[in-house]
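According to Swiss-Prot, the feature glutathione binding site maps to S14, V15, S40, K41, K54, M55, E67, S68, an assignment based on similarity to another entry. The feature domain 'GST N-terminal' is assigned by Swiss-Prot to 4-83. Sequence annotations record features per position, and here Swiss-Prot assigns domain 'GST C-terminal' to 90-221.
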Amino acid sequence: MATEDVKLIGSWASVYVMRARIALHLKSISYEFLQETYGSKSELLLKSNPVHKKMPVLIHADKPVCESNIIVHYIDEAWNSSGPSILPSHPYDRAIARFWAAYIDDQWFISVRSILTAQGDEEKKAAIAQVEERTKLLEKAFNDCSQGKPFFNGDHIGYLDIALGSFLGWWRVVELDANHKFLDETKTPSLVKWAERFCDDPAVKPIMPEITKLAEFARKLFPKRQA
C-alpha cells in the first residue's frame with residue numbers, strides 16, 4: 001500500500017465508515033484507523049467534524065474530509081493514479097450511480113432500519129414488505145448498470161457497489177432479526193451473486209464485520225429486540 005499521512009476516524013460496525021475503508025483499500029492506501037467508541041465522541045472527532053460531529057472523518061495531510069460519500073469521492077480524486085477508478089468515467093453513468101446511492105441512503109436503508117425499530121408484528125411486516133419492494137428495484141438497477149458484468153461498476157468494485165455493499169453485514173443481521181431472506185435466488189438472483197463477489201473481494205473481505213459479532217452489537221444498540 002502507498003505510504004501517506006492518512007487517518008480515518010470511525011468504528012468497525014459503521015456502514016459509513018466501511019465505505020471509506022473499502023475505498024482506501026481499493027486504492028491501496030495505508031492509513032491509521034482511529035476507532036471511536038459508540039456513545040462517546042473523541043476530541044479529535046469533534047475538532048475534525050464540528051458541524052455534524054459524526055464519523056467517518058478522513059484526515060489527509062492534517063486536512064479533514066467528512067461524510068462517507070464525499071470521502072469516497074475525495075479518495076477517488078486524490079489518488080486517481082492509484083488503483084481502479086471508483087466513479088464511472090462517463091458523466092451520465094456517474095449521475096446514475098449517484099442517483100441510486102442517494103436512493104440507498106434515503107429510502108432503502110430507512111426501510112431496512114425500520115425492521116429493527118418496528119413496534120409490533122404488523123409494523124414489522126409492513127417494513128419487511130417495503131424492503132422487499134425496494135430491493136427488487138435494486139436488482140433491476142444492478143442488471144441495468146452492470147450490463148452482465150460482475151459489479152454495478154462493471155469489471156471491478158465502484159461507487160455504487162460500495163454504497164450498497166457497505167450495508168451487507170447489517171443486512172444479514174436484519175435478516176436474522178426478521179427471520180426473512182431478502183437476498184433470495186428466486187427474487188434477486190443477480191444481487192445474490194453480486195453480494196458473494198463483493199464480500200470475497202480482497203479490498204472487502206478483511207474488513208467485513210463478522211456477523212455474530214455485529215448481531216451482538218445490534219442487540220445492545222437496539223435493546224427492544226430482546227423483548
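Each Cβ is built from the backbone N, Cα and C atoms, and glycine gets one as well.
Note on the domain 'GST N-terminal' (4-83): mean pLDDT across this stretch is 97. Counting only same-chain residues six or more apart in sequence, the Cβ atoms lying under 8 angstroms from the Cβ of K54 (glutathione binding site) belong to L45, C66.
When the binding-site residues S40, E67, S68 are compared by the number of other C-beta atoms lying within 10 angstroms of their own C-beta, S40 comes out lowest. Ranked by how many other Cβ atoms sit within 10 Å of their Cβ, the binding-site residues V15, M55 place V15 at the bottom. Within the same chain, residues at least 6 positions away in sequence whose Cβ sits under 8 Å from that of K41 (glutathione binding site) are K53. Residues near S14 (glutathione binding site) in space but far in sequence (CB under 8 A, at least 6 apart, same chain), listed by position: M55, P56. Under the three-state DSSP scheme, S68 (glutathione binding site) falls in the helix class.
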